[in-house]
Amino acid sequence: ACSSPEVSIFHFFVYAGSFVKNFKKMKGSSAISKREMSRADQCKLLAYTAVGYETVGNVAADIASIEGANLVAAPVAAGGHLGKGLTDAAMIAMDCSSIPFEEIKEILNKEFKEMGRKLDKNTEALEHVSKLVSKTLSTVEKIRVEMREGFKLVIETIENIATKEIVFDINKIVQYFNNERENINSRQKEEFVAKLQEPAPGNFLLYLRNSRTSESGTLYSLLFRIIDQELAIPNNAGDNNAIQALYALFYGTETFISIMFYLVKQYSYLAEYHYQKGNLEEFNTNFDHMKIVFQDFKFSLIGINQNTKPLVDEVLNVLNNVKNKSFIRNVQNKLFYDLMKQTESLLELKKEIANMELPIIDETPRLSISISFKERSDDKPVDTPLLKWDKGKEVKYAIQFEQDGKFSKISSWSKPVTVQHLACPFISVDKDRRNRLIFRQFGDQIPELVGTLRGSQVEFRDIHRDLYNAAQVPYAREALSISRTLIQNGANVSETFELGRGAIHAAASAGNYDVGELLLNKDINLLEKADKNGYTPLHIAADSNKNDFVMFLIGNNADVNVRTKSDLFTPLHLAARRDLTDVTQTLIDITEIDLNAQDKSGFTPLHLSISSTSETAAILIRNTNAVINIKSKVGLTPLHLATLQNNLSVSKLLAGKGAYLNDGDANGMTPLHYAAMTGNLEMVDFLLNQQYININAATKEKKWTPLHLAILFKKNDVAERLLSDENLNIRLETNGGINPLHLASATGNKQLVIELLAKNADVTRLTSKGFSALHLGIIGKNEEIPFFLVEKGANVNDKTNSGVTPLHFAAGLGKANIFRLLLSRGADIKAEDINSQMPIHEAVSNGHLEIVRILIEKDPSLMNVKNIRNEYPFYLAVEKRYKDIFDYFVSKDANVNEVDHNGNTLLHLFSSTGELEVVQFLMQNGANFRLKNNERKTFFDLAIENGRLNIVAFAVEKNKVNLQAAHRGKTILYHAICDSAKYDKIEIVKYFIEKLNESECNPLHEAAAYAHLDLVKYFVQERGINPAEFNEENQASPFCITIHGAPCGYSLDCDTPDRLEVVEYLSDKIPDINGKCDVQENTPITVAIFANKVSILNYLVGIGADPNQQVDGDPPLYIAARQGRFEIVRCLIEVHKVDINTRNKERFTALHAAARNDFMDVVKYLVRQGADVNAKGIDDLRPIDIAGEKAKAYLQSSRFLRSGHSFQSNEIDSFGNTIHGISMSARTNDKLTQQISSKGTRSDSNSTEGKMHSENVHVRSIDVNGALLLLDFMIRVFASKKTNFAPYGSRIKTRSAAEAQAEALIMTERFENLLSGLIGDPIPDSIDFSNVHSKIYKAIMSGRRSVISEMLCSFAEEYSKLNHESIKQLLSEFETLTTTKASEIHIEESVPYAPFEICELKVNSNVSQIK
């Protein structure tokens, strides 16, 4: 069943929906048949997520201390997965076991083997290295696990030929690394080491070390091929090929980092392994390997200086390059967004690696050892033979540095010395700030640590290790005799060696309590002496089953509850775990013993004692008061463990002692749950016979009952036993609404279905996702169940939440008999799911001709029904290349050349999506490849437009297109090359130019016009095209074309960051930035002006282009004004300081040019900026003389033109600013004064537009003082605030009467124009402008300028009558006055009418609209 259903039916039952969606985007529009994925892949995708792995890993650590942990861990991990995972009835029906039991067991076995290989902690000379590397490796592997599915997707869908080859090679390396690593990790310690040390050339570690070299085919070289060839830089938002390459680059880089830390970890392990074995030469060799690998890979990853190309930096540069692409926000590729989430992790790894140093001492000790057997007066000689000290045997020594837990390599051995009649020589070494560890070796025997010199110590006697060795001699008398001799000759009973263990620990391990007594007599503190892991002599004796030594230590008042460091074991934990009954009995007889002490996982000695054959458990249950219901950290009680280990006798003892039968663990799993899951019928029977057992107990989150689990795990005998119990509730549901009938139907258990229905199970009940038992029975393997369910009243038209009916499933799965049954019971053949998918779509998509025939014969109109993606049955048959269904549809008059509303045939559609196999299928079956759509495009055109190189190459190479045929006024080849450049399809461009050696059009011009940087670089760098060249045929240079952009482009405004990037790139290749770049002799500057490219113009000037260089006698400013390029004009004047009155060869200014063409925004701007409105060009023509209608009206309305001349010099106002353009006569002309002072006087212009233009001009004529006063007035009106101009008072110069008169005139005129522009003709008689002028004049002369605002308020009564539009106009005027945007004016919410109250105006309903 799993091998055939189509994705669209199930949507992977919601869980895989997003994966399918993105998979389809990667492949194109084709549907995905489930037959394309293996069952294992489907099940993994649906069920086994990272949640499961995390659960398993945690359980392995928690359970590891239990004897028989492998029996317990898998069910507990499965229970955790059930509690957190994505189990669903539909998944179960597909026979994708919702709990991947075998995978869980496999992972657990690896975890336990890893623990079994773990070397004795704290013997580790490289312990800190191991911790550091393991932590980073774990981080990297987590990222790789998260990215693994995405990388598989890339492998399956990648199309680009160049990228595909590289990615496949990367995949080979990745797969070999993953597989061989798993192979090695699955082995026990000795085999593991042997595998790591295989001789060359098959040595795995050597192979991995080679991956950082630049040799062809290595991982490092492959990653740099992607980088150097820029395969990971997308050209547009739809460039999936580049996104795939980017993903492969990132995943490959993470693998490269993983390889680095894996190598360091394994060389560290090997070094430590040999250190503990005493193979010091091998330790040194692997120490060097570890160090060199770390340094080499670190250099490759992050470099050491600016001259290197470190991999991580290069990858981050690529990522940043991609992120900065302007189109990147339009990318719809899930892989890309997944990748962006991981970018931060790569940055963190880079920092971590950069700051990382191996915690080692990178210095090998210089051998400087003196060995002396000479007798000394203050030390007694020790005669040979003694232990290893035999006459004639050679002995030698070596040194190792240690400081703060860091270790060095070991020095070379000293020259061997032959032992004579004395043992235990004196050893002298050089002084050093670091500790010096001294090793000795007799002949070819294993070296051993004999002492440590600390600080200023330079000498010691090699006798202490001999005491340690003597304490563990198996013969008690001999051990005691030698130990006594050594102690008498100066051996230190407190000296420690490997693991921090001394002679007392050795005696405990061997059970030599006489030696123990001798040692304690010398130093009673040895009684509680702990080694580096916290093991005391009592721990060691208990774990070694040395009961006599245990009793000896207890007799000396040893602490029986002492705990180890990390595991928190007491001696009783160790004895119980190993089922050591005598030691256990000795310990529990002690009054002070803590029977319920919990280790780091929360297990008590009772927990650890329970195994399949434990006798200790019975002792602890019967003979002690141990708490029997105590829980571990994961909530396991002793009864849970007894159930999981199938220990019925202990279970009975626990139940008899009052164990809580219904206690759940952390996930709510009771002992009965575990018994049902594991199929332990005898245990289930025992538990069900207990008085208070809860057969309906549910887990915490998912609410699984024991019956659910028995059915789910197909433990049929257990399920039937549970069904026989009268207390069972068969209608209980999980939190997903799954009841036992759903599970029985899904798993194909007909007998259970029959029994459940006999007990009145509800056949119509739906799960929370809308699945009925009938749905699940159809999906399942047993085809008898649907017939039985239908007979019992199942609804044949039930819909899942996704709208899928049983008929959909039967059609998609090809179950014709069930399909006929459903039809006979009234199933709706036109039922649609949420994607408008009908059963006919499912049948076609999955290749079930028999069902297709049934449906079409029943209703021929089904031939034309479309789903939400506009796919109709014939389309799907073509897409899936099902020849039998295709032929059937053709026999029913389906037309392979039928067109849609856009004129596209199936060949067009599948060419667009790059489905080469489908295109081939269509052509083999009569598709006409010459047909054109409504845009006159063939399948070949669409393949080019969408970058489908595979279709293009097929069409060319199979002669499906005549490249020399006429097409749109040129040849097909011409348009093919130009269009591929236009649409930024670099691979297709390269195909034509490199493979076919064709270059009929000039593709660089197209690439430049559309600002495709990568294509431009390709033509300039690889093809050697000169970007500055132009001629009669190519009338503009590529550089010029880049600046200007496509004639119409994709938008009218092509001034984008992409285009500027291309300009920046090409500007370095241009010999003269001020040179001509087209046949009309334009410069780059003038081209930027014609194209209205402000940012490009700014860039060009910034790199040396001359903003004043004339073209055919016209300066750039004149050209910009002539073209109406307002922003260009403004930029030239304000940013690049071009003279506003610069003239062309006919002495015309920019104002002439703008006025002639009625470009009013430019005209107004130039006037405001002080352009000479009376400038005369050829024939004494002023701007007004050649102006268009609008410009002429505007210029006429300006009172600057009322006198025959303008200022000969500029006046300096009271703030030191120049007042431009004020007519001298305007300040002294009495006639004008009379005119302005007369009541109701209007502007000369009858045009409202003229009035507004005029007053816009005047605002530039008021000096700063006047502008500030008007601003004060406006602020009062609009914000209920008064601007304080006091700071400026001291700088106001005294005015002459003429000056004050002129200023008052200007301000009065300004106020008049403001009002007339706002409220229109006539201005009420109540406003006397001569009076206004008089008061302003007096205020100026008196120096009391602050009263002007109050005075203006008194004349503003008419403002209270403004309507909404007038208010908007007023705001606009205020913007002109102050450069403050009207939208920025804030009106206090609490005082909306305050502005009007200040001027004591009438308030009406319109006033609130000011907001």
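For all residues, glycine too, the Cβ spot is worked out from N, Cα and C.
Taken verbatim from Swiss-Prot:
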COMPBIAS  1230-1249  compositional bias 'Polar residues'
REGION    1230-1254  region 'Disordered'
REPEAT    499-528  repeat 'ANK 2'
REPEAT    567-597  repeat 'ANK 4'
REPEAT    634-663  repeat 'ANK 6'
REPEAT    869-898  repeat 'ANK 13'
REPEAT    902-931  repeat 'ANK 14'
REPEAT    1080-1109  repeat 'ANK 18'
REPEAT    1112-1142  repeat 'ANK 19'
| Residue distribution over DSSP helix, strand and coil in the repeat 'ANK 18' (1080-1109) | 16 helix, 0 strand, 14 coil
| remark: Sequence-distant contacts of the repeat 'ANK 4' (567-597), meaning Cβ under 8 Å and at least 6 residues beyond its ends, amount to 65-67, 538-539, 541-543, 545, 547, 550-551, 554, 560-561, 603-606, 608-609, 611, 613-617, 619-620, 623-627, 630
| said: With Cβ-Cβ distances below 8 Å as the criterion, list the same-chain residues six or more beyond the ends of the repeat 'ANK 13' (869-898) that contact it, or say none. | reply: 29-31, 33, 835, 840-841, 844-845, 847, 849, 852-853, 856, 860, 862-863, 905-907, 909-910, 915, 917-918, 921-922, 925-928, 931
| Outside the repeat 'ANK 18' (1080-1109), six or more residues from its ends: residues with CB under 8 Å to it | 1035, 1039-1040, 1043-1045, 1053-1055, 1059-1060, 1063-1064, 1067, 1070, 1073-1074, 1115-1117, 1119-1120, 1123, 1125, 1127-1128, 1131-1132, 1135-1136, 1138, 1142
| remark: Lying 6 or more residues past either end of the repeat 'ANK 14' (902-931) yet within Cβ distance under 8 Å of it, the residues of that chain are 28-30, 159, 874-875, 878-879, 881, 883, 886, 890, 896, 937-940, 942-943, 945-946, 948, 950-951, 954-955, 960-961
| query | Same-chain Cβ contacts of the repeat 'ANK 2' (499-528) under 8 Å, 6 or more residues past its ends? | reply | 120, 122-123, 467-474, 476, 479-480, 483-484, 487, 493, 535-538, 540-541, 544, 546, 548-549, 552-553, 556-559, 562
| field | Per-region confidence, the repeat 'ANK 6' (634-663) (mean pLDDT, whole number) | value | 93
| Counts of helix, strand and coil residues, the repeat 'ANK 14' (902-931), according to DSSP | 16 helix, 0 strand, 14 coil
